[in-house]
Every structure is written in C-alpha cells, then in structure tokens.
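Everything below concerns the one structure shown next.
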Amino acid sequence: MTLLSIKSEVWVYSLITLGTEMLSSFFSFYYVKLFLEVYKISKSAFCQAQVILMIWNILTDLSGYFHMSSQYDCCLSYRCSLLGALLHAVAFLLPWFPWKHYRESDWLIGLQLVASLCAFDSTHAWVQQAQWRLFAETSPRQE
C-alpha cells in the first residue's frame, strides 16, 4: 500500500486530526504560561477561570449531543464545518493579543482568559464533530 493509493477522504481526516491535536496541545500548554507569567493573572482568578471552563465544557458537550442528533441538515453542512474551522483559528489566536496593557492582577485578564478558554473549547468541539461526521462518511460499512 502506497501513500498515493489512500483515498482523499482519509487524507482529509488525517490532516484534521493532526491539525486539531497540534493546536490543542500547543494551546493547552502555552495559555497557562502566557496568563501566569506574561499577563500575571492571580492564581485564584486562574482557578476560577478553570472552574468556569469546566461548567462551560459540560454545557457545550450537552449542546453538541443535541446538535449531532438533530434532524436539521443546515448545521451539518460543509459550509458550517468551514465556518467552525475559521472560528477555531480565531479562538486559537484570542489569548495571544492582550485586550489592553495589563497591570498585575487586573480583572480584565481573567475575563480574557475565560473568553479565550470558552471560545477555544467550543470551536474545538465544533471541529471535532465535523471530523466525526467525516469519519462516519469514510467508513466502508454504513447502515
């Protein structure tokens, strides 16, 4: 089996997996360093943002379940998947640009952290759902 004989859908699935996992790993490692060492967020505000993210993650998982089991094809379309990928890239860039010149323990740092984490988590789930649909379409047995 050569690399050229692999179906294009499999290539797309593999590249989506590689890209999302690289973005997620990079984001998860560096947002901690960025907010704690560069923006100098307080440890309590950082922990509060993590708790908010946990609650947000539960809500987006539930909404993702209802989204995937819906009967409407408009949210499952190719354009919707492209929009999710574009928003995922924007959400990835959100923490790297400070909203103002921060003083140590400024409350706006916490707000930027919460917005960045929730946006990245939501768009990451969106891209993963599109990836799972693509995986279902590429599997040889569909019943």
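Here the Cβ of each residue, glycine as well, is placed from N, Cα and C on the backbone.
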### Listed range which TrEMBL flags as transmembrane segment, given the options 12-32, 117-137
12-32
### Task
Would you kindly list the residues that approach the transmembrane segment (76-97) from elsewhere in its chain, counting only those six or more residues past its ends and only Cβ-Cβ distances under 8 Å?
20, 23, 27, 31, 34-35, 70, 112-113, 115-116, 119-120, 122-124, 126-127, 129-130, 133
